[in-house]
Structures are given as structure tokens and as C-alpha cells.
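Working notes, beginning with the structure itself.
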Amino acid sequence: MLAPGMGEWVYKANLFLFGEFAYYYPFFLFILNYVYYKRNYKLANFTRRELFGIGFAFFSSLLLFAVFYPNSGYILELAYAIFSTILGHTGSGIFALLLLLFSLVLLFPKFAKEILKIELDFTYLLKVEQAFKSLLMRVFGGENEKEDVGKSEPIVPKLNILQDSIYGNLQINKKGETNNLEQIIKDSNINASKNSITTAKENFEKLKNQILDETIEIDKQSLKESRSFVHEHSQQVRNFAQKASKMSISLDEDFNFISEEEVDMIPERFLKPKKLEDIKQIDTNKNLDEPSYKRKNIEIPVSNQEVKPKIFTKELELRENLIKKEKLEQEYKAYQNEILENKVKQEIKKLEEYDAINSSDIIEGNKYSFNSPKTIKTETEESDKINENKNLDKADNIFEFAPIVEELNHPYIEPTPIKNINEIVIEEKNTLDFIQNTETKIDNEKTNDQEIKLQKAVLAKEIAINQALLREIEQGEIEKPKDFTLPPLDFLANPKEHKQEINESEIDKKIYNLLEKLRRFKIGGDVISTYVGPVVTTFEFRPSADVKVSRILNLQDDLTMALMAKSIRIQAPIPGKDVVGIEVPNDEIQTIYLREILQSEVFKNAKSPLTIALGKDIVGNAFVTDLKKLPHLLIAGTTGSGKSVGINSMLLSLLYRNSPKTLRLMMIDPKMLEFSIYNDIPHLLTPVITDPKKAVNALSNMVAEMERRYRLMADAKTKNIENYNEKMKELGGEKLPFIVVIIDELADLMMTAGKDVEFYIGRLAQMARASGIHLIVATQRPSVDVVTGLIKANLPSRISYKVGQKIDSKVILDAMGAESLLGRGDCLFTPPGTSSIVRLHAPFASEFEIEKIVDFLKDQQSVEYDESFLKDQQSVGVTTNESFDGEADELYEEAKRVILEDGKTSISYLQRRLKIGYNRSANIIEQLTQNGILSEPDAKGQREIL
């Protein structure tokens with residue numbers, strides 16, 4: 001009881017004395033406490049100038065408050081009464097302002113000199129102070145002590161190089177002071193005793209020691225000469241010297257608005273460079289800081305020794321030995337080939353000489369010609385030169401003619417065109433080379449076949465990872481509707497017959513650039529496989545054992561530049577593998593059509609009526625999923641990322657498999673443009689909802705429908721909607737259709753009615769799976785305030801198209817990567833229950849195709865809306881409340897207490913707090929409104945407490 005009473009008494013006393021000033025002057029004490037801390041909590045460390053400045057500042061502030069609030073506080077009234085009688089109201093204010101300015105000049109003399117151009121001569125102030133003190137001494141008595149002018153402004157000791165000059169100045173001042181003291185002692189102690197003489201000597205010794213301890217201010221020239229060399233060239237040392245001081249010298253250094261000269265608080269022997277190399281390095285650094293036109297040409301020595309890494313020396317030596325061995329093998333093979341070529345040339349020359357000797361004459365046309373061996377040799381040399389310059393196409397045209405070589409035993413033969421034997425020999429050599437080349441080509445084709453088989457095996461393994469997800473989809477034939485015709489595939493456009501040509505040279509170039517860039521960052525490894533898809537090419541890079549995966553992730557921008565790509569995505573590591581996936585966009589991106597997915601065997605063989613087409617994977621195979629297994633889907637993507645195209649493909653894939661009896665759709669489109677094309681199709685449960693208030697009503701009624709279905713399944717003793725429909729088929733009852741709720745823009749709903757929308761989506765996502773109600777929620781802004789923790793926890797399956805920032809990808813996928821997508825339907829899909837991320841490319845369906853399908857469905861059957869989903873439950877509560885005949889609800893008083901205590905007036909909040917139904921909660925809210933406790937709902941549906 002004492003502490004609160006004491007505090008209240010202090011508060012009242014403070015308010016009585018200072019009035020309005022009592023609310024503000026404690027902040028002045030914070031600054032004073034900081035300055036007191038810097039003075040080591042000793043009042044003796046303050047200069048008289050600072051004490052006078054602090055006192056004048058406090059008094060001038062108090063006087064200003066007295067001028068503005070003359071009737072507030074006893075001290076303020078007293079100060080105002082005194083100064084107003086002397087100076088008047090306006091004069092008191094001007095005097096307070098001038099006194100405040102004077103206090104600032106006293107506290108910050110250097111700042112005032114630089115900024116305000118005000119400089120005070122403190123010697124005059126000291127003379128005024130001395131005159132005032134002597135006046136007081138004469139009036140009240142006491143000794144008139146002479147104060148030393150230099151003592152009022154203590155100066156921090158400075159270490160100087162000019163110690164001799166300082167010592168000389170000290171000796172001069174010491175002699176002057178000692179002479180003055182001796183004269184004072186002689187005048188005052190002529191008739192003193194021996195004791196007084198000894199005391200005077202002690203005082204003399206003390207004063208002499210004090211004079212020796214004092215420093216003398218040096219002029220600016222000596223200060224510049226004495227400045228430390230390291231201080232002059234090192235900003236870090238200057239900062240450290242300023243921060244290392246235990247207490248500052250003046251308030252100008254505490255609040256250092258302008259640059260001041262350094263204070264040498266560290267002995268110079270610790271800062272001075274010890275070696276000549278250090279001084280040269282300082283000169284070099286100073287020279288490099290200068291502009292180019294002032295810079296000197298300093299040669300910086302560069303060590304020629306190679307810096308070898310200390311770690312992995314054995315591995316590096318082994319690698320160097322292997323490289324040397326490989327080079328030696330290549331040189332040995334080249335040497336062997338040269339020996340074989342020389343042997344072949346020698347044999348050919350022997351054959352030519354033998355043929356030249358045996359063939360004495362060679363017929364050209366119808367005439368004889370006798371050629372000597374020398375001429376034959378020259379002709380062979382010329383023919384060799386000619387054939388070397390010929391194109392290699394001659395080898396391909398060898399078999400276009402049949403050269404005839406015969407031994408001539410008679411003088412005449414029919415005129416047949418016979419070529420020179422030398423050319424024939426060369427042609428035989430070319431045929432041998434051609435046969436060898438064909439054999440090597442056949443061997444290369446065999447090896448290429450083996451490589452293709454290996455690549456197909458790797459591709460099959462990659463497909464097997466996606467097939468593991470596709471195998472979870474239930475296989476079988478879907479039951480076709482009897483009284484409804486599903487739309488044919490002819491409404492969808494055929495894909496263009498354009499086979500993707502794999503440019504191996506471009507892929508090899510990208511692999512080389514990738515490995516070269518990684519090698520420059522000292523990351524070893526190799527690309528073990530490459531997959532070419534319709535949109536991206538994936539390189540599987542296996543790093544060395546000593547490489548961290550995080551290092552590769554940090555090089556994403558550098559690899560993007562090296563591969564000359566718009567953006568790349570690095571998956572490190574690929575789940576289930578010891579490799580890193582680097583996905584690079586293709587130069588030509590193929591368009592994926594919806595008809596390709598709907599015609600695929602994966603989509604046709606799926607038994608589930610809620611099979612939706614998601615697109616193609618990175619290899620180019622169709623990828624679908626079952627909405628029942630998801631069971632809800634959260635989609636995010638910026639404008640232009642292909643999000644709306646992907647949602648349209650999902651809707652069309654549902655319409656191609658279901659009649660209105662097996663599937664009903666509820667579309668919520670606050671943007672009013674995306675789903676307007678689907679109006680009046682027979683599958684719609686309500687018209688396309690564009691009003692946020694109607695959307696909240698529809699979601700609340702969907703929760704009521706979920707509860708109704710659970711009651712029906714509980715009565716039928718079934719666990720899910722499939723078993724319930726089978727049982728109703730046997731009993732001849734009414735089946736329950738699947739309901740898919742599609743919300744195109746969640747952010748707009750969260751802005752208008754965030755809490756209610758979050759509550760209803762959370763309830764549907766938690767419980768609606770077994771009742772056959774599924775959600776597809778899309779948003780352009782996947783921030784934390786839109787995709788809240790409740791929504792994110794209950795929507796485990798997510799698709800992210802291209803987003804703007806890494807944090808958005810982290811929110812929607814719990815991983816990075818969506819910011820590096822390409823747009824145009826490029827997306828990442830996280831299946832439920834797995835941590836892997838599948839990259840997909842959404843199919844495209846034009847508006848013309850959608851219009852044809854919608855018109856076909858409208859012609860099949862007219863739409864039947866269920867208007868009960870759009871009714872406002874609050875209006876229902878009003879009608880039921882009017883039927884109460886004035887009787888209040890049993891929980892009326894408790895509800896009134898909850899609303900008044902918590903300050904929340906929503907129906908859903910009261911429903912959760914009292915654990916009652918929605919209708920009863922709405923009735924209680926309406927009763928509170930009629931009784932004047934709550935207001936009518938505003939445009940946002942919120943009520944105020946009256």
C-alpha cells in the first residue's frame with residue numbers, strides 16, 4: 001500500500017510544483033544521465049562551462065513553459081511573476097530564447113562556431129564571473145581566490161613528436177609560476193612561524209607538481225606535425241581511438257555533428273608501423289585511393305609461386321598423374337598412326353615402281369606413250385597434290401565408275417578411256433580409307449545405340465518417379481451417363497505436328513559452359529544425363545564428394561549468365577538420387593494442348609470422376625491427378641503466369657468426365673471476368689458469384705450442406721460418399737453429387753470478410769473430404785495475410801505458377817524455386833504426403849474452344865440453380881426471431897456478456913464461444929440488435945456495440 005501511495009504523492013507534488021513542465025523535463029534527465037555516465041559518474045569531470053550550459057538550458061526551458069503556461073505549477077507561476085514584472089510577457093519569452101541559445105553555445109561551442117557562426121571569448125566570461133564572485137565576497141565575506149583561467153577548460157593529454165619544445169615551454173611556464181608563488185609566499189608569510197613556512201612549502205610543491213602535470217596547448221602547425229602517421233592514413237585507427245576513450249572531453253564529442261580532430265588516446269608506439277614494408281604498403285594504399293590523374297606508378301609485386309591447396313593433395317596429385325598418363329597415351333597412339341601411314345606409303349611407292357618397270361608403255365587413246373620411272377614419280381607427286389586438294393565427296397562417288405586395268409601384249413587395242421595407273425593406285429587407297437571410315441561409322445553407330453539405350457533407361461527411371469504418383473490413381477473405366485452426352489474431343493484443337501528436334505551440339509555446348517563455370521568456382525563433377533522436354537532441358541549434375549550442395553545453389557545467377565538463359569531452376573538434390581538437377585529453358589518452347597492430355601492413356605484409364613489434367617512433366621509425358629486424393633488444392637501465381645489457363649484446363653477435364661448428376665460446381669469470381677463464360681451450364685449449383693457478401697453466404701451454406709451430408713451418411717452407416725451412393729443405388733435412393741468449390745481470387749475475399757472466409761474455408765478443408773465437397777482456391781498474392789496458417793495447414797496440395805519473390809514461393813511451397821519459373825503455364829506441384837516437387841507445364845485451351853464446349857453443355861440440359869445457397873443466414877435469423885413472440889433466448893445474457901467483454905460482434909465468433917449452431921447465434925445477434933445493444937450491419941457486415 002505504501003508504494004502506490006508514495007508514487008501518487010510524488011506525482012501530485014511534481015505536478016503542483018512544475019505544472020505542464022512536469023510532463024517533459026524527465027526526458028531532459030535521460031540526456032543528463034548519459035552525459036553523467038560519460039563523465040564516469042564524477043561531477044569533478046564536468047567543466048564549469050558545461051555546468052553553466054546545462055543549468056541555463058534547464059532554466060530557459062522552465063521559463064519558456066512559464067510564459068506559455070503561466071497558471072500551471074507553483075514554480076512556473078513564481079518564475080512568470082518575477083520575470084513578467086521586470087521584462088513583461090514578451091520580454092520574458094525573448095529572454096528565455098536568448099538564454100536557451102546561450103546555453104547551446106556553451107554546451108556546443110565548436111558546433112555553434114561551424115553552423116551558427118557564433119564564437120564566444122570565454123576570457124571575458126571568466127572576468128565577469130570573477131567580478132561577480134568578488135562582489136559576493138565583499139557583500140557576504142570570505143576569501144577572494146584567484147582562479148586559473150586555463151583550469152576551466154581542461155585539455156586531454158596529447159602525445160607529440162616535438163617533446164623538446166614542450167619541455168622548453170614547460171620550463172618557461174614553471175619558472176613564471178614559481179616566481180609568482182615565491183612573491184605571494186614572501187608577502188603573506190613575513191611574520192609566519194616555522195610551521196606556516198613548512199605548510200607554504202608543501203603547498204608550493206603541490207602546485208609545482210600540478211603545473212608539471214598540466215599540458216600546454218600547441219598551435220595548429222605543431223599539432224599537424226605531431227599527428228600520428230597511422231592516424232593520418234587509417235580511418236579504422238581513428239574510429240578505434242575515438243571509441244576506446246573511457247570518457248569524452250566535451251559534449252561536442254558526445255554529440256559529434258561535425259568532424260573533429262583526433263584525440264590520441266592510444267600510445268603512438270603501439271600504432272606506429274615497425275617495418276619498412278608496412279610503411280610502403282601504407283603508401284601503396286594511399287596511392288590507390290587517389291584519382292587516376294594523381295596516382296603514381298607503383299609496381300605491386302606479384303608472387304610467381306603457385307598457391308597449392310593444403311587439403312586434398314593426394315587427390316589432386318592422382319588427378320594430375322591421370323591427365324599426364326592420358327596425354328602420353330594419346331601421343332603414343334599418334335606415333336603408332338604415323339608409323340602405319342609411313343609403311344603404307346612405302347608399300348605404295350614400291351608397287352608404283354614395280355608397275356612402272358614392268359609396264360614399258362601405256363596407251364593414251366590410240367597412240368603409244370613410253371614413260372620412264374622418273375616421269376611416273378613426278379606424275380604421282382602431282383596427282384597426290386591434286387587429290388589432296390579435291391573434295392572428300394570423291395570418296396562417296398568411287399563406285400560411279402569401273403576403272404579397267406589390263407596388261408597390254410599387243411600393239412593396238414580398241415580406244416577405251418584408260419586413266420593413269422598412279423590415279424588408279426590412289427583411288428584404291430581412297431577405297432581402303434572409305435571402307436575403314438565406314439567401319440568406324442558402324443562402330444560409332446553401335447556405341448551411339450548403346451548410349452541411346454542408356455539414356456532411355458535413365459529417362460524411364462525419371463518417368464518411374466512420376467509414374468509412382470500416377471499409379472496411385474485408381475485405374476478402371478468410368479461409368480458413362482445414360483441421359484447425358486459428354487462433349488467430344490473434336491471441340492479441342494489438335495496439336496501441331498511438330499516433332500522436337502534435339503540439337504546435340506547445342507546441348508554439348510551448354511554442358512561445356514556449365515562445367516566450365518562450375519570449375520571456375522572450384523566445384524568438380526560431371527553431367528551424367530540430360531533430359532530434353534517440351535519447355536526445359538534438365539541436366540543431372542553429380543558433384544564431387546567434397547562439394548557442398550549449398551554452394552551450387554548460391555551460384556544460380558552465375559550459371560544463368562553462363563548458360564545465357566532467362567532463368568534456371570536448381571533442384572538440389574533430386575529426391576532419391578545423388579545428383580543435382582539444373583533445369584534450363586529451351587530456345588523454342590512448345591505449346592501443350594489440352595487435347596493431348598485428354599487423349600493420353602493416363603487420363604483415359606483413370607477411374608475417378610474427379611481426375612483433373614495438370615499438363616506434361618519435364619520429359620513430355622502427360623500428368624494427371626485425382627482431386628479426391630488431394631483432397632483440396634491451393635493455387636498461386638502472378639498475372640500472366642498461366643494460372644487462369646491452368647484452372648480452365650482443370651474445369652474442362654472435369655466437364656469431360658461428369659454429368660450434372662455426378663458433379664456440381666460453385667464458382668466464386670470476385671474479379672467478375674474469369675468464370676463469366678461458364679454461366680448457365682447445367683453443372684452450376686449457383687450462378688457465378690461475384691459479390692463478396694454473397695460469397696460469404698455461399699460458403700456458410702456450404703458448411704451447412706456438409707453437416708447435412710454427414711448426418712445422412714451417419715444415418716446410412718457409411719463412411720464416405722462413394723459407399724453412400726452405392727448403398728443408395730441398391731436401395732433406390734437419391735445419390736449425392738460431388739461438389740467442387742472454385743475460388744479464383746482469395747485475396748479480395750480476405751480483404752472484405754477475412755475472418756469469416758478463413759473460418760469457413762478452414763471448416764470445409766478439415767471435414768468436407770468424406771462428404772464429397774472439394775476446394776480449389778487460387779490467389780495472385782500468396783502472402784501471409786492472405787494464405788494464413790489455418791488455410792495453409794488444411795490445403796496440403798499446392799500448385800505454384802511463377803511468383804514475383806522468393807518469399808512468396810516459400811509461403812506457397814515451403815521451398816524456393818517458383819520465382820525462377822518461365823510463365824505461360826510453367827508450374828510446380830506438391831502432391832499430398834510427399835516432400836518432392838514435380839515441375840509441370842499446364843495445357844492450353846482457347847476461349848473459342850471453351851465457348852463451344854459450354855454451348856454444347858447448355859444444349860444438352862438447362863441449368864437448375866439451388867438458390868438456398870445464396871440466402872443470408874442473418875435474415876433467416878430475423879424471421880425466426882420474430883416468431884419467438886418476444887421470448888429471449890436462454891443464452892441471451894451470456895451472449896451479451898461475451899460480446900461486451902470481448903468486443904467482437906460477429907455471428908461466427910459467438911457461435912464458437914457459446915458452442916451453438918449458426919442459426920441460433922444469428923438469432924441472438926438479432927435480438928441484441930433489436931434491444932439496442934448492437935447496431936445494424938454496415939457495408940462489410942460488421943456491427944458496432946452501442
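For all residues, glycine too, the Cβ spot is worked out from N, Cα and C.
Feature list (source: Swiss-Prot):
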TRANSMEM  15-35  transmembrane segment
TRANSMEM  50-70  transmembrane segment
TRANSMEM  86-106  transmembrane segment
TOPO_DOM  107-946  topological domain 'Cytoplasmic'
DOMAIN    620-810  domain 'FtsK'
BINDING   Gly640, Ser641, Gly642, Lys643, Ser644, Val645  ATP binding site
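Annotated features taken from Swiss-Prot, shown on the structure.
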residue	record	Cβ neighbours (10 Å)
Gly640	ATP binding site	11
Ser641	ATP binding site	25
Gly642	ATP binding site	24
Lys643	ATP binding site	25
Ser644	ATP binding site	20
Val645	ATP binding site	18
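Remote same-chain partners of the transmembrane segment (50-70), defined as residues 6 or more beyond its termini with a Cβ less than 8 Å from a stretch Cβ, comprise 18-21, 24-25, 28, 32, 35, 76-77, 79-80, 83-84, 89, 92-93, 95-97, 99-100, 102-107, 250-251. Apart from Gly640, Ser641, Gly642, Lys643, Ser644, Val645, the residues listed for ATP, the same chain places the Cβ atoms of Gly637, Thr639, Gly646, Tyr801, Gly823, Arg824, Gly825, Ala842 within 8 Å of the centroid of those Cβ atoms.
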